[in-house]
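According to TrEMBL, the protein has these features:
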- 17, 19, 100, 218: divalent metal cation 1 binding site (BINDING)
- 144, 169: divalent metal cation 2 binding site (BINDING)
């Protein structure tokens, strides 16, 4: 399994990627979680994105028995990378994964080739450092990949035999990344599936084994139809 979360009986829903540590939930976190838990959401995982948010994510996870957290640095936050801090939180009993980590080339502009290449190499360096931590601590990984499918695949393919599994968060319908289910990876599917421009994802979904699909909200982002324009939350998993 990607995540070792035991269920006592029956069908349960897990939001495998929800940024409960976001400012968007600051004023009504308890109410948000009560709505979710009362309506069938059994467990929630808070992904790591920025080092500075880890203390709050851990605090939330320890307050609620059905909430867990991951430690990681998003590719846009690599300047804040601190392995010592990640190691500290990886020893926490409520920490169950490394991530979200990966590559994101979305913001790069073609007229800045030299700077772009340097930034890509920096992202790859921090990405692989986090994969090595995951291997050392025997944790699965939560992967962020945006407009970087080739490099993401090449790196994951090189590490997959040593990793304790992982999930491609917000799977982008890449045929290139699709083959990673054969190497132990899962695919996170959320509100994007309901968007009008998600035709490619709808078409590729049947190619993914059902036991390799995970639900996620990415809340407070990517609110599904017909609620777009409003804040996303675990209830909408």
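Every residue gets a Cβ built from N, Cα and C, even glycine.
Features per TrEMBL, on structure.
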residue: 17; record: divalent metal cation 1 binding site; CB count, 10 Å: 28
residue: 19; record: divalent metal cation 1 binding site; CB count, 10 Å: 21
residue: 100; record: divalent metal cation 1 binding site; CB count, 10 Å: 27
residue: 144; record: divalent metal cation 2 binding site; CB count, 10 Å: 24
residue: 169; record: divalent metal cation 2 binding site; CB count, 10 Å: 26
residue: 218; record: divalent metal cation 1 binding site; CB count, 10 Å: 21
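DSSP assigns residue 100 (divalent metal cation 1 binding site) to a strand in the three-state reduction. Summary of the divalent metal cation 1 site environment: with the site residues 17, 19, 100, 218 set aside, the chain residues having Cβ atoms within 8 Å of the Cβ mean position are 18, 47, 49, 142, 169, 170, 216, 217, 219, 221.
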